[in-house]
Amino acid sequence: MSQGFRGPTGVFPHQTQSYLDPSHEHSKWRYPQPQGPESYPRSFQLQQIEFLKGRLPEAPLIGIQTQSLPPFLPGHWPRFPGPPAQDRQLEIWEFPRSVTLRNQGFHIGPPLPPPHSRGTPWRGADGLCSHFRELSISQSPEQKVLNRLEELGEGKATTAHVLARELRIPKRDINRILYSLEKKGKLHRGRGKPPLWSLVPLSQAWTQPPGVVNPDSCIQEFPRGEPGLDSEDGDPASDLEGPSEPLDMAEIKEKICDYLFNVSNSSALNLAKNIGLTKARDVTSVLIDLERQGDVYRQGATPPIWYLTDKKRERLQMKRSTHSAPAPTPTAVPEATRSPSFPACHPPPAGASSSVAASKRVENGQEPAIKHESRHEARPGPMRLRPHAYHNGPSRAGYVASENGQWATDDIPDNLNSIHTAPGEFRAIMEMPSFYSPTLPRCSPYKKLTECQLKNPVSGLLEYAQFTSQTCDFNLIEQSGPSHEPRFKFQVVINGREFPPAEAGSKKVAKQDAAVKAMAILLREAKAKDSGQPEDLSHCPMEEDSEKPAEAQAPSSSATSLFSGKSPVTTLLECMHKLGNSCEFRLLSKEGPAHDPKFQYCVAVGAQTFPPVSAPSKKVAKQMAAEEAMKALQEEAASSADDQSGGANTDSLDESMAPNKIRRIGELVRYLNTNPVGGLLEYARSHGFAAEFKLIDQSGPPHEPKFVYQAKVGGRWFPAVCAHSKKQGKQDAADAALRVLIGESEKAEQLGFAEVTPVTGASLRRTMLLLSRSPDAHPKTLPLSGSTFHDQIAMLSHRCFNALTNSFQPSLLGRKILAAIIMKRDPEDMGVVVSLGTGNRCVKGDSLSLKGETVNDCHAEIISRRGFIRFLYSELMKYNHHTAKNSIFELARGGEKLQIKKTVSFHLYISTAPCGDGALFDKSCSDRAVESTESRHYPVFENPKQGKLRTKVENGEGTIPVESSDIVPTWDGIRLGERLRTMSCSDKILRWNVLGLQGALLTHFLQPVYLKSVTLGYLFSQGHLTRAICCRVTRDGKAFEDGLRYPFIVNHPKVGRVSVYDSKRQSGKTKETSVNWCMADGYDLEILDGTRGTVDGPGKELSRVSKKNIFLQFKKLCSFRARRDLLQLSYGEAKKAARDYDLAKNYFKKSLRDMGYGNWISKPQEEKNFYLCPVPND
């Protein structure tokens, strides 16, 4: 057995006495030491090693004249005896798991006797030494990996799989070790899959970014001739990755607190995304930990909103404002698993490079350093290295021993240790002026308020409060009103000072208004203080501010009170959008050089132009122009309110222009012609309501589910609807709610008409009478300024359809195309809808009827025209030459037929471009709505494909061109599967402009009836539309028109589009249902299945617009007019009997073929050969 331990400098005997009285001299316990300049420090370090290994009973001391080394753990460790060796023989090699940290020391193993007591020496050291040769220390997995990579040589790399096979360590452990060593800066990971791992080159030891501590750079390499220390001091538990998690946790906590300090509150998901994480669960545990520490608190349940506590916010505020040096590292670690932390190391000076070398091995007990806050703010000092706690090396001054034997100033860098500072330096640091001291330069409160005023009012006020180190709260004083129209009153409180409250329909707006009021008062006070006015004049009582909010605002903040945190341009556009008016920013002039331009802008709303303004940029000029327009509008609203209420002032422009008080023509058209969901949400928002959709029920198999949805607007539930998809269910529910809401609330007087009762299904007859029959029931023109002729046509169409569908049916819901024909008795007449229809489908080939019982084409334009024919039949049945004054007819030339009076005109409205040639253009060709008295057409002929005849797709949407060859559809061919061909709506409107709307049968009694105008709501291009509906046939001049016989002509109607809204493209297919109505039907709607051509329902009833029913009307009219020669004819023979019409139709088809547009495709002749029994004259 060896009698001593051979160290690097000599042989030391084993010490058997374990405890000594404190009164003994330290010199009695000095060991024999070799001679040399570094013998004493090396022997002292060896004594530390012997003590930590349990071979010495007492911690060694070092005099003040000598230098000490950093301890293994932070804190002041007192001198105390060690436990018996036999009790801790199994624990000494797992030191980190059994250590218990105290405030004044640490303890291993069983309880220790008090330092002042005496006891017999422990006799376990000899036993430990006697079995010392039998003990061995295995290398840690990290050390094995580093050794293996070192054996490969510098610049050589390998994969994790190879390392796992060679070292016989599981691959997942190898991966963990490799990434841990990479984080510590010891390994380099190359690109590729799998990555190649290699040692970090020695040249990169000092190239790490600032703030990153490389543990290797803090350790000196020992001579290769002394490998004993490396093997003796090995501790497998020291290289575990335990500290990495607390370090990440601390960094996440710091980021969370910093983010919550900048924003008042946030959800867990928002927090995670703003600090670099992805999911809420990544920060949930950290937030709960911070909540236990009293740093954050939460409100709400799903999901909770997190806030900083007031104490934590104050601490962060003080920390940010003082800019003081970072606090020293704590002297004790509260957790048993916490590893020591070392300050960042710096590269040595050039002169010391020869004595310092970076270690290539992972030393025992080495851990990454803790990241200190505000490390970059520490004043720079000389670059020096700190030796590792276990190994020999040159020490430095600054670690002195106190009288009680403690290791003083552990782990505190010299540049942060106030013990060694010069006299008075510590006091100078503590008495450093704060950030808000008047001696430091910073902007004035008035300047800061001016900057904050340009931001959102709430954000600006909070920023100003933070700037002045004040607390700012928004208190909810009162909440009133029903659930569908609540009112919230908020008040701003800054450091206990209360400001005037503000009330609005939402919490957000109320907070903004309250912030605007508080900001205006603070701005006025700060301005008065800067101008030198007495301070008592700048402060106004809260009562005066609350009673006179307009006087409390400075002139410079008047615009802010108008816009409630939004830009002037946005606010103006929103107001005009609510009012249904168009707003335009006009550039009047541009002056000045390129480096200093001047732009002059003005705002034009309808026919009204507001004062121009100039600014150095277009953006600023537009904002200033919008501000001038808003001020002018507010003055007009205030003056009108004074005239009506005797001088009562309105609080804001929004209230004076409340949409529930003033509604315009564009609102109805805009909401009914947009996407149903978007239209309902916009309608609800503009009226101050909240809208939502709720899934009531779900049933049916997975391949054919049924969803029942219900809309809720302003606390009111609307009828439920059923659909086969959730998207369609929401759209149908929105359509139903929108139709009911507008139908109930819309009144004629609110649209500028005389007093008319609300248009509902029950009062439709009276409404139509008031709008069409009574000359005194309505004004001659629409009084709305800015509305165009086409706007009036569109309004009448949608208003009539909305009134008819007030008591909705589920089959009416969803996206649809609307067409209507409006009649005007004279040019000054407002007009009345005489026929309307919806739909976008054609009949299937297997649903054709030989008896005329199906409607072949259910597109909206065709259905409205068939309804118009029924309206003409009803008017003809009422015609009497004695009462012809009230009729729309008059005798034509020759007296044999009737004709439409010259003052009566008919106008067609379609909510979108007609299918076929009229819709074949892209968005860039769309024209804006322009009110023009010129009716001249400018058709577009850009390529030979334009103008071609097209047919509709069977059981679908869209059109395809006809073939050039002759096509004769046959009944049996279609029944056997041949494609059914139906001409497009553009082609049929072209035929109406040549042959008339009345058709062949009515030509027996009437002269041709032509359209006066065509109005579109969407997809309007004047050149493409005019080419499609009339100008195709006159492309080569008047040759075609000259070939027509009297009374047929080529009619060129006036065309235009709606201007009060801009419809957006709606996705999804239209429904198969089709609605038809004419004035003769009262308020009775008929709903068809467009693919079957019959009434929608199980009975498949005959439609009133079918060939059979129209032919029945014709037979009644023949009997009434004593045209018995026509009663015995079939449907096809009666049409051919109209000789003039038949000749003109054949000429029209032949001309289209000759012009190269293609062949007109008709239905099989077999379906026109049905008869009806003669109808007796009633």
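Cβ coordinates come from backbone N, Cα and C, glycine included.
Here Swiss-Prot flags K371 as SUMO cross-link.
The domain 'DRBM 2' annotation in Swiss-Prot covers 567-635.
Marked as asymmetric dimethylarginine by Swiss-Prot: R30 (among others).
The feature asymmetric dimethylarginine is assigned by Swiss-Prot to R42 (among others), with a large-scale study or a structure entry given as support.
Feature annotation from Swiss-Prot assigns phosphoserine to S231 (among others).
According to Swiss-Prot, the phosphoserine annotation covers S238 (among others).
As annotated by Swiss-Prot, phosphoserine applies to S434 (among others), with the evidence given as similarity to another entry.
Neighbour list (S567 (phosphoserine), Cβ cut-off 8 Å, at least 6 residues apart, same chain): Q623, A626. Taken from Swiss-Prot, the feature phosphoserine covers S567 (among others), and the record attributes it to similarity to another entry.
According to DSSP, S582 (phosphoserine) is assigned to coil rather than to any helix or strand. According to Swiss-Prot, the feature phosphoserine maps to S582 (among others).
Residues annotated as phosphoserine in Swiss-Prot: S589 (among others). The Cβ of S589 (phosphoserine) has 10 other Cβ atoms within 10 Å, all protein chains considered.
Summarising the annotation, Swiss-Prot assigns phosphothreonine to T757.
The phosphoserine annotation in Swiss-Prot covers S763 (among others).
According to Swiss-Prot, the phosphoserine annotation covers S772 (among others), on the basis of similarity to another entry.
Look at Swiss-Prot and you will find S774 (among others) tagged as phosphoserine, backed by similarity to another entry.
For the region 'Interaction with Z-DNA' (135-204), the model's average pLDDT works out to 82. Taken from Swiss-Prot, the feature region 'Interaction with Z-DNA' covers 135-204.
In this structure the C-alpha atoms belonging to S582 (phosphoserine) and S589 (phosphoserine) are separated by 22 Å. DSSP places the residues of the region 'Interaction with Z-DNA' (135-204) in helix, strand and coil in these numbers: 37 helix, 7 strand, 26 coil. In the three-state DSSP classification, S589 (phosphoserine) falls within a strand.
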